[in-house]
Each structure stands twice: as C-alpha cells, then as structure tokens.
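Before any comments, here is the structure.
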C-alpha cells in the first residue's frame, strides 16, 4: 500500500519561475558619503580611516568640555552623550587626590574612593532624578554629571599649584576660594543642562543631590594637602 505523494509548492500557478524572481542587478551608488555631519541621516563612516574616527570623537569630547565651561546651549551634552570625558576627568582627579606623603599608605584606597564617590554618586543622583519623574535617560544624566566635573578638575589643578608654596592661612583661604568657585561653576552648569528635565514642582528635590554631589567632590579638592 503506497502513501499519497506529498509535494511542497513554492509557487502558485502562473507565478514567475525561481530564476525570474531572483534575476536583477546589484549596483552601488557612486555618490559621496557624508562623513562630516553625524546628525545627518546619510552619515556613514564605514570607509573612514581610524585616525579620522578618533579625531572626530576627540573633537566631540572637546566641544562638550567647552559647553560645560560656557553653558549656553542646553542640549549639547544631552544629544550625543558619551562617557569618555567623565572617565578622563575621574581618572585624572583620582590620580592627583590619591597621593600621600605617609609611607604607611600607598594611596590605593583613596584612588578607589574617588572612583566610588564619582560613579556611585552620579548613579544615585541619576536614580533620584528618574524617581522624581525626570525626562532624561540614565546615561545622559551620567554624562552631564561627569562632564560638569570640569570646573572641579580645574580647581584641583590650581590648588595643586598653590600647594608647592609654603602653606599659610592666606594660601589655605585662596584654595578654599578656588574650590568654592569650582563647586559653584559645576553646580550651575549641571543645573543648566538638567534643570529642564525635571517636573517644575520637583526641581528643588532633584537639585539638592546634585548640590551635595559636587560639594563632596569640592571638599576632597580643598582638603587635599599633599604635594
């Protein structure tokens, strides 16, 4: 007893043959590719040299630093976020702050402490912002908080230079003023970028952790007394 033959019909009656359906031409357009404007829909870096890619990213990081120092355009840091700038600033500040003249300590825990304060602190501030209804992504907030460490890093450099002189009450006061300016600048810049992302009736609750975050960083800067 033979079983009925089972066939699988891929094409209905009257349809084109497989060879006709698969026929065609594959052409590659010779139009120049856009490799300069990342905001353009036809932006393409497939054939771009590695050097150009690195230089474009470095330029983008530099532009973000500039807008933190002169916070005029609010969407600059939010549109194309990255974590390169915050990583560089955090590593730089941790490297300087970890120095210790005490031979009993190699500075390792202090280096780790700066990293924990910066990254965990930024995450806590971001989580608070999200819980309050902030209209901003997690990594966008981390990016802004990290880049706004720039004034604190500049204050750290200035205080480091002041420490090369014999310390007096006046020089301590000068370091305090420099650190305070860095603190105020960082807080103001972050509020400019993140303020509009919060509900109007909850801005104070969202800004207080930012204030506290940069206050702790600035306190580390002014309390650092080892060259």
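Sequential numbering from 1, following the chain as shown.
Every residue gets a Cβ built from N, Cα and C, even glycine.
Looking at the stretches 115-132, 205-222, the one that TrEMBL records under the feature transmembrane segment is 205-222.
Outside the transmembrane segment (169-193) by six or more residues, the chain places 68-69, 71, 74, 76-78, 144-145, 148-156, 158-159, 162-163, 207, 210-211, 214-215, 217-219, 221-222 with a CB less than 8 A from a CB of the stretch. Along the domain 'Yip1' (71-220), the predicted structure has mean pLDDT 85.
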